[in-house]
Amino acid sequence: MAKHDSHLRCSFCNKSQDQVRKLIAGPGVYICDECVELCNEILEEELYDGNTPPATAPAASRRETPRKSSRSLPSLAQLPKPREIMRYLDQYVIGQEKAKKVLSVAVYNHYKRLAAKANPNSLGAAELDEVELQKSNILVIGPTGSGKTLLAETLARMLDVPFAVADATTLTEAGYVGEDVENILLRLLQVADMDVEEAQRGIIYIDEIDKIARKSENPSITRDVSGEGVQQALLKMLEGTIANVPPQGGRKHPYQDCIQIDTSNILFICGGAFVGLEKVIEQRIGKKSMGFIKPGEQLAVTREQRLADALKALEPEDLIKYGMIPEFIGRLPVVATLDPLDEKALEAILTQPKNAILKQAQKLLRMDGVELEFEPAAISAIAKEAYRRKTGARALRAIVEELMLDVMYEVPSRRDIKYVRITAEMVERRSTHELIPHPSTLPKPESA
């Protein structure tokens, strides 16, 4: 038997087991340690191409060595100023002037802080060299459909940084059914093509943050795993920490190597509608509705104005009474409140932004060689119906999509249609089957 073992050879290089350090046996084949090393070198050259640390390096060093970023951090002189950020936001977001100003200043200061860390000698004043600039995360409060997510998306697009959106309602404490808070960082990492350095200067928008308010003002003896427990889990991430992020999600693959991400340079924007917050504010300031209100439209305007006035008097203690823990509110020092959208604002949203819904519909039809026109009365009718639905700007797209269904269906197949006009009557009937062809395309009457 020993004689037979001495003639075992590598199936690739044909060296005997006496000529190599290790011979690995498989089902009918053998491979030596030298061939394994050669295969490893080939894989490194072809697959990694120098962007990832070698597989032979320790796991810790592979996690901590980020891929070289394709986009460098702009210098202080290259950063867009708050006025420039505001002008850019004006192109996509209608109204909300106070919120846009607050966000412009907060975002500028955040990335100015990153530029100062990258270029510490650019400050000039020696007495300020030891001053540490701390991060200021942002809390955005406003009714549904008022533009909270749109503001965050537009800021990220202007600054050309990775941007990820997370839903707070799916988060739970570690060990319970649901998503871990580290999955938020995983989304940002995926948007940055797994580039750690790039992800560490990105923006994360956490939506529905009001849904993780604790169920009662007083701490409970039972665990609140999707409310206060999530707030506690988010504290260190918001403040800045080295987080271990599982690249495939932590629950289904518990034994994978984690990627380390420093969250101290990531800007967190938390948004929520905070339904009922105005009642908490009014209770604090002792304001009560008195007298009689006529039914109908005046009631809606009064409720809208009541919400806007209440948010102007917002204090941190109101958010704490609502169910947010003090430590969580303390890590969101910048607060921007958005006003409810009235009919006039909804009309402007339909037509003024660069990506306005009506402009998108006109462009789609123009690709089929058809001009689309909305009468002013039709635009007002769409805004009025959207306001009635009480879902903010989101209702506009739903109404326009429903209204344009017949047009989008008929136009590509009909060469006689070169012009379509949408009237207020069509909006009220939710139907556009009466297509209006351009006079030049109508058949000419036969001469006698």
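Glycine is treated like the rest: Cβ placed from N, Cα and C.
The following features are taken from Swiss-Prot:
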DOMAIN    1-51  domain 'ClpX-type ZB'
BINDING   C10, C13, C32, C35  Zn(2+) binding site
REGION    50-76  region 'Disordered'
BINDING   P143, T144, G145, S146, G147, K148, T149, L150  ATP binding site
For P143 (ATP binding site), what residues in its own chain, 6 or more apart in sequence, show a Cβ-Cβ distance under 8 Å? A273, L307, L338, P340, L341, G392
Counting every protein chain present, what is the number of Cβ atoms, excluding its own, within 10 Å of the Cβ of C10 (Zn(2+) binding site)? 21
Among C13, C32, C35, L150, the binding-site residues in question, whose Cβ has the most other Cβ atoms within 10 Å in this structure? C32
Return the residues near G145 (ATP binding site) by Cβ distance under 8 Å, restricted to its own chain and a separation of at least 6 in sequence. L341, T391, G392, A393, R394, A395
Would you kindly give the Cα-Cα distance separating C13 (Zn(2+) binding site) and K148 (ATP binding site), rounded to the nearest Å? 64
Out of the binding-site residues C10, C13, C32, C35, give me the one sitting nearest to G147 (ATP binding site) by CA distance. C35
Between C10 (Zn(2+) binding site) and T144 (ATP binding site), how far is it from one CA atom to the other, in Å? 68
T144 (ATP binding site): tally of other CB atoms within 10 A of its CB: 15
